[in-house]
């Protein structure tokens with residue numbers, strides 16, 4: 001409130017005096033002094049760093065010049081030291097290190113925020129079992145049938161020859177809605193939906209949409225995060241003259257019979273044509 005005293009006829013405020021202890025040359029503007037206060041120190045430190053780098057580079061140039069003179073005189077010299085001020089390129093190794101560090105930091109952040117290193121993402125591609133080699137075996141049909149959850153054994157099912165461990169699936173447990181798939185290769189049932197009568201790997205005579213359905217389920221098990229492929233099942237060859245399993249839907253069964261009859265008629269016509 002010194003200005004109030006001055007208006008009332010009293011003494012005015014004392015003149016401003018810069019109490020900074022030291023002033024140094026401004027590294028950016030010639031003939032200008034700046035205070036050595038805390039706010040200016042990062043800029044002043046950079047000036048010192050730049051001067052130090054320039055001194056190192058000048059010393060390296062002198063060494064290089066002396067080395068070149070020795071080479072010109074025919075003297076033996078050692079390898080030239082790298083310039084200590086040269087900026088190194090990142091390169092492939094540096095890029096890989098950067099990616100690893102970023103992934104590591106992301107994993108730690110996920111553990112901190114969500115309690116999971118993968119941010120609670122259970123994708124198949126984030127699981128070690130996808131990349132870790134696993135021992136797979138060849139099953140016979142009788143051996144596969146024993147993996148039905150009894151006697152402490154896991155639950156295995158097969159689809160078009162590939163065997164998967166589905167023990168983590170609740171629906172495959174005894175009494176579950178999909179338990180009838182356990183212990184067999186029911187590839188045909190996956191495509192036709194005839195779960196009771198088509199528990200077989202015989203895919204002869206299946207329609208195009210049924211084959212697409214089978215392909216969908218094969219992809220489903222191959223990419224599932226919880227179901228692991230454990231091997232393949234060795235099926236005995238199917239007798240080509242044996243009857244094709246009849247469809248559980250009467251309309252589709254009739255269509256399948258008509259399609260099979262057309263194929264047989266084409267085969268007979270082809271045989272007659274060869275004889276002629």
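Sequential numbering from 1, following the chain as shown.
The backbone N, Cα and C atoms fix where each Cβ goes, glycine too.
Annotations in TrEMBL come from automatic prediction, not curation.
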* Asked: For which of the residue intervals 199-237, 238-276 does TrEMBL record region 'Disordered'?
  -> 238-276
* To do: Quick one: sort out which of 1-35, 36-70 is the region 'Disordered' according to TrEMBL.
  => 1-35
